[in-house]
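Enquirer: First the structure, which I've put down as structure tokens, then a few questions once you've had a look.
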Amino acid sequence: MTVSKTMDSGAQVSVSTTSRARFNSDLPQVWIGIALIAVTGFLPSLLGNSYWVHTFHLVNIYIAAAIFQNFLFIDAGQKSFGQGVLLGLGAYVTAIFFGMHGYSFAAASLIGLFAAFLGGLLFALPALRVQYFHLGFVTLSAAIVFPQLLMSLDKWTNGINGISVAVPWIHHEVIFGLSWLTIMVAVYPMLALVVHYAIRNSRLGRQMRVAALSPEAARTLGVKPGVMRFLAFIIASIGTGICGILYLPAVSFVSPQGFNMEMSFLFFMAVVVGGRGQLLGPIIGMWIVFILPNVALVEYVDYRLLIYGTLTLLTVVLFPDGIVGSVERWRKARSVLGRGEKAFRIDPFLERLKNNTQFTPSDTEYAVEVRNGVKRFGAVVAVGGVNMKVRKGEIHGLIGANGSGKTSLLNVLSGLSRLDEGSFLINGHDATRMAADRIANTGLGRTFQTPRIFTQLSLWENLRIGLDASTTSPSEGIRQLAAQLEAEFGQDNAELLSHGQRRLVEVMRVVLKEADIILFDEPAAGLSQSERADFAKLVRFLSRNLGKSVILVEHDLDLVWGIADTITVLEQGKSVASGAPEALARDPAVQHMFVGGARA
Ligand SMILES: Nc1ncnc2c1ncn2[C@@H]1O[C@H](COP(=O)(O)OP(=O)(O)OP(=O)(O)O)[C@@H](O)[C@H]1O
């Protein structure tokens, strides 16, 4: 059921009155996770059960490592199979300096952490160049090589004999039978959980997720995907290195066999079994994959790799989203079933941006100038010598038959592909060789032919990444608009949007970015009549009230003719006509192209 309510501005907004499942359950998951870790972390000590105390020391350390694996895997999209190496580096290097060279535990730990950081750098560098299964191979190779390396560097590592250490003070009771170690290994995974939550809900975290989901869209929002991957590896390596430092006094011994490939697999499987991307996933997953073979099925502990594998296989088949992920999916599906889609309309939000300023397109300044631009794909000439001038503040329609080079030209202008010949200027500056993120940061924004909507993010987060991409602090109007959008769509599921609404969300994202030059790639495709009317109004508003320059690639010629100040016609990659719509409509050379079409 929907009702209309009146906003402060007087605009009518469609609002669903049925309550929906909150899209984001991250915060409840953090609280549940903290409670679970507290119970298992402290209860064994309170009960005085030393077997469970030791077991849960390890479980909690591994949970923290799996939390960083989860972050790296899902939030940053990095398929690392070598996180055990980073834990091993933290533990081993600390053991070498503390156990063999007599450094204090604190100093040795810092060196151990630095070693894990360097290990993270080593993973991060290939991640700048290789992705997907290539990266998996690189990190898996590291996991295979690491124990061999520890063996062969026996002069420093004591080889197969390993290193024994004793940190007596860390086992001393602090309060209620809890030792320093018990407190540290319980508090650390809680902290890791909070850090994961905090990063995920920060600007950096959102940009990381967008870079992982669509590097192309991220670049047009001013984000460098390589930098995001690099930062993610560094964060995860430091987080996992600390696990290594805690592992050392918990086990009092390190040896190459302790850091074989199995450890890296354990973290990975905990994430998959528990629920990829769910904050609670690594906790539930680690309990299942570690406790089941090592405690519940202790007689079969030699078969633990088989058990890990079987558990993972069963989970993937029965619960593709993992245990927590499946519960989440059920929760959301249950509460939105049959409730239809929530209206997402642009019109009411324009009220927020209304001002009395009136802009007219400039006659002397150009937002975009393309000079003899050529773009080839092998033998195909997608753009074959285009010349085009877009005046500041105007709506410039770019039309032509399928395959005439419109999208290729937009890709060049947004920096996603490079011209082979010719040049182009943005606001009078040569941008021919500029990277996409730099172009985005100079004030250009775009939408895509297939809207880039990220269903892992809430509807509001999908919009908010536009706000994140803004290089200036938001104007008062945008601030108010953002607050209104958050209030309206803060907990809505972007997955439920229709195709047309997805387009409008992408359009609104560019508005929030406060781009000065906006490229729309077939924005009206799939929109209903009323959505088209809304969109046309928005484009006029952007140009006339906010002074934006717009390039509009569109097949709906009525729409283009209705709102464009200038139209350029492309034919087989060449600009064959350009001018005001009225003049073009009378041009026989243009008319013949649209025989049977809207303007014929
Ligand atoms: N990445 C690519 N690799 C090879 N050829 C490409 C690539 N991108 C575009 N092309 C080719 O370049 C030409 C222009 O394509 P483009 O998508 O720019 O046209 P368009 O005018 O946007 O078409 P439409 O209206 O159908 O979206 C087409 O022949 C297309 O097949």
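Yeah, the Cβs are placed from backbone N, Cα and C, and that goes for glycine too.
Pulled the feature table from TrEMBL, pasting it below:
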DOMAIN    368-597  domain 'ABC transporter'
TRANSMEM  30-47  transmembrane segment
TRANSMEM  53-74  transmembrane segment
TRANSMEM  81-99  transmembrane segment
TRANSMEM  105-125  transmembrane segment
TRANSMEM  132-150  transmembrane segment
TRANSMEM  174-199  transmembrane segment
TRANSMEM  227-248  transmembrane segment
TRANSMEM  279-297  transmembrane segment
TRANSMEM  303-324  transmembrane segment
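What does the local environment look like for each feature on the list?
Expert: The list of residues near the transmembrane segment (53-74) in space but at least 6 beyond its ends in sequence, with Cβ under 8 angstroms from a Cβ of it, reads 37, 40-41, 44-45, 80, 83-84, 87, 181-182, 185-186, 188-189, 192-193, 196, 199-200, 212, 232-233, 235-236, 239-240, 242-243, 246-247, 250-251, 266-268, 270-271, 274, 276-279, 281-283, 285-287, 290-291, 294-295.
Residues 65, 68-69, 72, 105, 107-109, 111-116, 118-120, 123, 136, 138-143, 146, 150, 156-157, 163-165, 167, 236-237, 240-245, 247-248, 254, 258-268 of the same chain sit 6 or more residues outside the transmembrane segment (81-99) yet have a Cβ under 8 Å from a Cβ within it.
Long-range contacts of the transmembrane segment (105-125) within the same chain, counting only residues at least 6 positions beyond its ends with a Cβ under 8 Å from a Cβ of the stretch, are 80, 82, 85-87, 89-98, 138-139, 142, 167, 170, 229-230, 233-234, 236-238, 240-242, 244-245, 248-249.
With a cut-off of 8 Å between Cβ atoms, the residues of this chain six or more beyond the transmembrane segment (279-297) that come close are 26, 29-30, 32-33, 36-37, 55, 58-59, 62-63, 66-67, 69-70, 189, 193, 196-197, 200, 266-267, 269-273, 303-304, 307-308, 311-312, 322-325.
Outside the transmembrane segment (303-324) by six or more residues, the chain places 29, 262, 265-266, 269, 271-276, 278, 280-281, 284-285, 288-289, 292-294, 297 with a CB less than 8 A from a CB of the stretch.
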Enquirer: Compare 132-150, 174-199, 227-248 by their Cβ pairs under 8 Å to the transmembrane segment (30-47) and return the stretch that comes out on top.
Expert: 174-199
Enquirer: Which sequence-distant residues neighbour the transmembrane segment (174-199)? Criterion: at least 6 residues beyond either end, Cβ under 8 Å.
Expert: 26-27, 30, 33-34, 37-38, 41-42, 45-46, 48, 53, 56-57, 60-61, 63-64, 67-68, 70-71, 75, 205, 208, 235, 239, 242-243, 246, 249-250, 279, 283
